[in-house]
């Protein structure tokens, strides 16, 4: 199955902020088309109207989406209307609107006049030139399929979604004002649809689309291609013509030449043609063209090789670690009590910090808050990727990925409150007083950081008049979701955590803290270096994710991400265990925060990688606003990663320390 599609069009900066996704092994090993749960083919009869929609103008040079109608293009006769958008589409920055392009099923048409614009004002002329210089793309949608464009480059055929606004040749600017559409259709067959569904009774869930009851064959749209052309129209000859009238002369569409240069105080004439072609592509496979990429096998083996190497190294670390601990425990337990007492006096190491290992850490409430938010973020990632793996959050269901992430994050507030308060109660040896304060801080810490960063970035987007900026109404909706759903659920989870029994420590804590011997190397240096191994598990997949977010490519290999996520969890746990054991061996009993940041330090390397990606892979990114947006979203991403990976390290280390000291016979 294809991994990504080259796409010159970015579907909006906020759309690119999808952190994070999965697919089952059976799914990504299969090369066959699949049925997307929650969607079904639309049956069109011959002569039915097909409406083309427009999305935001996008560019990988600026990462700032703008409304299609911000440029002097033809507007629909019935007026501009927003398409039905879910919350995810708004968060992604998509602004889908109707367009004047109209087709009739299986009705080939050519030389159709769309409109003659008003003479270009100075403002429109300069704006059009600016958008051409910034390489903005126009994104059209038909039956939920983005328009795809093919170009030849040597022996390769490149696929792009959308087409450029225009092109610059020397000092002249040319606009693509004639579009040649090709709509690929496949005969509607109910038996095939039922087969794709995979269950006998599932076909009953598909509505009876043959509403005419005529028995005539229907058709499904399985492809939408566009060839943009720059054609010099005679604007005077169509003064008396209306929209959808026949252009008086034959239009020859040649995509290799440009002719329609834009000039101030001169109108632009837009035309189009459409042809319908019967295709062998079945409806479940119609997205394959968008999900293919050259060199797929190379990426497949490269990622698998990296995962195998990292898994092998992690296994070696785990085996060595378990053998070392087991040998210490065996030697200790084989001695009688008198010998154990003598051994405690003579030997150094983790056995000497038995009276301090469970001493409360500094800033315990902050630690509980970070772990609670980490549980919430990690749970959101796992559940979201699971649903994405099952096909419920595919590219065909625009915005569902972000909507699902938000929904799962809100619901998992219960888990966040429960985990934070349970740890708080354990640290305080059963005293749950202050649980409401802990729960409240859990509900506000990460969402507050995200809200602050998003608000600051939104001011930049508002200042640039970008459609990526959140509307005020969306801010209000997010605040209501935060305080009316997330906060109450987190408090409920905190209440359950306060009622749950705390974890009993296996040993008593001394009243006077033990002095930590001076260390040869600063402990923070080891903690920061520990993040390199978790980073090694994901840096290859991180490249594809970054390309999806910032280069406009479709990321859909969720199975790889699932494997990487599982491997990342295992490696984070192992790294934290090893470092905790090393600190205890040198009689450093302050392991609480070190266990959190030893695995959480992977976020530092991801942020450095993001900066590297900005400098070397996003060289075309222009302007301080675009760079600030990139760094702002990268910062939010690494904070979330730090909380999730730090939580993995802390919980695994806590379990290990509890198990280690409960396995030793002590007076």
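Using N, Cα and C of the backbone, Cβ positions are placed for all residues, glycine too.
Database features, via TrEMBL:
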SIGNAL    1-33  signal peptide
TRANSMEM  300-322  transmembrane segment
TRANSMEM  366-393  transmembrane segment
TRANSMEM  399-421  transmembrane segment
TRANSMEM  442-462  transmembrane segment
TRANSMEM  474-498  transmembrane segment
TRANSMEM  524-550  transmembrane segment
TRANSMEM  556-579  transmembrane segment
TRANSMEM  591-611  transmembrane segment
TRANSMEM  631-661  transmembrane segment
Seg_contact(the transmembrane segment (524-550), the transmembrane segment (399-421)) with at least 3 CB pairs under 8 angstroms, min sep 6: no
Selected stretch (most C-beta pairs under 8 A with the transmembrane segment (631-661)) from 366-393, 442-462, 474-498, 556-579: 366-393
Per Cβ pairs under 8 Å, the stretch of 366-393, 399-421, 556-579 packing most closely against the transmembrane segment (474-498): 399-421
Recorded stretch, among 366-393, 399-421, 442-462, maximising Cβ pairs under 8 Å relative to the transmembrane segment (556-579): 366-393
